Amino acid sequence: MTKYIFITGGVVSSLGKGITAASLGRLLKGRGLKVALQKFDPYINVDPGTMSPYQHGEVYVTEDGAETDLDVGHYERFIDENLSHYANCTTGRIYQTVLDKERRGDYLGQTVQVIPHITNEIKDRVTMIEKENSPDIVISEIGGTVGDIESLPFLEAIRQLKFDLGKDRVLYIHVTLIPYIEAAGELKTKPTQHSVKELRSIGIQPDILVCRTQKELSEDLKAKLALFCDVDREAVVQLPDAESIYEVPLMLAREKLDLEIIRRLGLECKQADLKEWKELASRVHRLDKEICIGLVGKYVELPDAYLSIVESLKHAGFQYNCEIKIKWIYAEKVEKEGAEELLQNVDGILIPGGFGERGIEGKIATAAYARENRVPFLGICLGMQCAIIEFARNVCQMKGANSSEFDPDSPYPVVHLMPGQENVANKGASMRLGGYPCRLVEGTLAYGVYGVSETSERHRHRYEINNEYRKEMESKGLVISGISPDGQLIEIIELKEHPWFVACQFHPEFKSRPNRPHPLFMGLIKGALDYKEEPDTASREG
């Protein structure tokens, strides 16, 4: 029968519950167990799809088209499996479902309340994965911090699940902070004691404490935490700050967290196989080269807005023993100061996805700089659309070419709304979302790095390249190297006579894994390494 692990957080937010959950998933999978992960977010939005990146960070898209929390990206990357829409659920989704049931009369005249109706719906969401995929372990992360009003229904639901499922099938892990007081030179346990007290007042006694800390915990301190938080000494696990998130599974393994879970849940499993992960973690410290990638975006002051892109660049860098330095560049700053001023010292350029007109001309100027100076370039989603606009304006001499998103009256709408998107009223979950097949054209750069004739990639967009201008742009040197099976949607473009100028309509960052970097990121990093090794600036400018 499926066993359940619930991860809560205490003292402060942003402790790394998601990384802890993902790392635990990796450890248990390494022992031959089938693992599923999910995240519950206590906000009232139905999903993060319409939220500002400044509020939420990136929106991570699953293979089946769900717009989810960025922690789902960590889950997929660490356990190296595709998750589904079951991996993320919000308060808004729960309430929407309950209200829909009430309107249909499913509750047969009952007064609909937080308990039992909301909590029952949460419990159904937790156990739904068991019915769909029959995993050995479901790891559920509860967003927010213990003590938040918003999290109370979720905490009550997971409290009830121990009663419903049985004590031998449920385990609670509390991730907490042990702050170091510089003036006193001491680590303090009192915040954790109060956090556990708050959790116990709700009816949940944590089985294991994962203690985030800047300093090593002494045996005396661990014993104190065990005594006052009423957990076994072996269940006090320290998790110091790590140089790389990919070290965290090994740090938890050294603390024997997986063994403690196996013992408590009575799991039967094989010896841990972490050979591949150990090699990955050691590679992080053997990087003997360095390149700089200029990332030109709208939300660069919040790197979490581009989290999967950052991790994908790192994955490719690991394969080439290369450290990736990212130069974060405001697209609007490019408009004011010029592309050459800001990009002259980078080894490669990436324009990520985004929405809205702000900074667009800066991104278009960036694409022009990469094309004219033969700088390795990767455009993603809106990044590809900007590259197309630039090519149409400056190579095809289509004066005023633009996307109908930014200029509905453009004489050359080289990017336009996809069919069926014209009169969409509700913005949530209405884009082209999730995995779609893409056919690759032999003899192209894209085909060379993929090494296959067809692949599947994840999308999140409303606009597409306008096929009306396709032939004219191809006649001027645009290469269409990836296309939908019906031949209608341009998925990947590149340029003739350029060593690496590739752009795609989809989001390759959602398919990259630390042990299997995405081919397009591999191509960008290889191109950047070659570019950096060119003998002089003149040759770079071609």
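Any Cβ shown, glycine's included, is placed from N, Cα and C.
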Same-site residue for UTP (record: Swiss-Prot; known: Ser13, Lys188, Thr189, Lys190, Pro191, Thr192, Gln193; options: Lys131, Lys224, Lys256): Lys224
Of the candidates Asp71, Asp80, Asp100, the one that Swiss-Prot places in the ATP site of Ser14, Leu15, Gly16, Lys17, Gly18, Ile19: Asp71
Same-site L-glutamine binder from Arg283, Arg286, Arg462, Arg470, given that Swiss-Prot records Tyr54, Gly354, Leu382, Gly383, Met384, Gln385, Glu405: Arg462
Residue pair Gln193 (UTP binding site), Lys17 (ATP binding site) - Cα distance, angstrom, rounded: 18
Ser13 (CTP binding site) to Ile19 (ATP binding site) - Cα separation in whole Å: 13
Confidence summary for the domain 'Glutamine amidotransferase type-1' (292-534), mean pLDDT rounded: 96
Lowest local Cβ density among Ser14, Thr192, which the record lists as binding-site residues, within 10 Å: Ser14
Lowest local Cβ density (other Cβ within 10 Å) among binding-site residues: Gly16, Gly18: Gly16
Winner by Cβ contact number (other Cβ atoms within 10 Å) across the binding-site residues Ser13, Thr189: Thr189
Lowest local Cβ density among Leu15, Ile19, Ile149, Cys381, which the record lists as recorded positions, within 10 Å: Ile149
Ser14 (ATP binding site) to Thr192 (CTP binding site) - Cα separation in whole Å: 15
